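Annotated features, as they stand in TrEMBL:
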type: DOMAIN; residues: 106-160; note: domain 'NFP second LysM'
type: DOMAIN; residues: 175-223; note: domain 'NFP third LysM'
type: SIGNAL; residues: 1-24; note: signal peptide
type: TRANSMEM; residues: 245-268; note: transmembrane segment
Amino acid sequence: FPFLPLHSQILCLVIMLFSTNIVAQSQQDNRTNFSCPSDSPPSCETYVTYIAQSPNFLSLTNISNIFDTSPLSIARASNLEPMDDKLVKDQVLLVPVTCGCTGNRSFANISYEINQGDSFYFVATTSYENLTNWRAVMDLNPVLSPNKLPIGIQVVFPLFCKCPSKNQLDKEIKYLITYVWKPGDNVSLVSDKFGASPEDIMSENNYGQNFTAANNLPVLIPVTRLPVLARSPSDGRKGGIRLPVIIGISLGCTLLVQVLAVLLVYVYCLKMKTLNRSASSAETADKLLSGVSGYVSKPTMYETDAIMEATMNLSEQCKIGESVYKA
């Protein structure tokens, strides 16, 4: 800066050194190696974790929109019912992404539409919850100003991820899940949550046994199979709501079966009564015919009801013999 006064040159130099130190220090904060392994596939399907947060990200639809994927794919990976769109605060999700190499770093490149008030830093820390950082976004979008972004343009946000190496695949490690370390986390807690080996977590991330320096930074969780995440408390409430309905339906079905059984018994008894009455009428007709046959050579056949009506139900007033009646 030969055109500036000496004290201004010194001040600029100090500022530059200070800024360079901050950037270098921030770049060294994340000790997890997200470079592309030479023996890994060029791309792979993997997962990043996401924490449901209010007010904008408590539904699968809103979350799927910023990851350019479907709500159903997130629901399947996260052990959720396909039709459950609403989430509860702090619910952990698994979001499927395609990971590949951009330069010498592993990223899942996601297209994001800029809204009012967005900046690289704001979107990286809020919408994507530190799954990326503003420096990586700026490197991938060098022609854009990090803080003056035109509304409505599509910006690529690179999310940190990694594909398993051949050695890891040989050890049956299928996924390296990207997880942003929380201040209250520890290796034992995270390994239980994801069903991962504590040794594998420490081996993949260079933090030793103390991950305090990893707070709010992405780390890799090696797993042999996709973890079954715990369901949210809302599922318990839904089950409590469904239980009375199930009981009510069961009682209703039981009552319906009982009514049908009573109805069938009634119909059966009514049918048997009709059959008995018919049999009785036939027996009466047979007796009449046997009595008349002694007086006529070829009896005339009458309906039983006509005979009963003509003789006033075989009344004694009409009887003229042992089995003979006048009509």
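Any Cβ shown, glycine's included, is placed from N, Cα and C.
Summed and averaged per residue, pLDDT over the domain 'NFP third LysM' (175-223) gives 93.
A Cβ distance under 8 Å defines the sequence-distant neighbours of the transmembrane segment (245-268), meaning residues of its chain 6+ beyond its ends; there are none. Each residue in the domain 'NFP third LysM' (175-223) gets a DSSP state, and the totals come to 18 helix, 13 strand, 18 coil.
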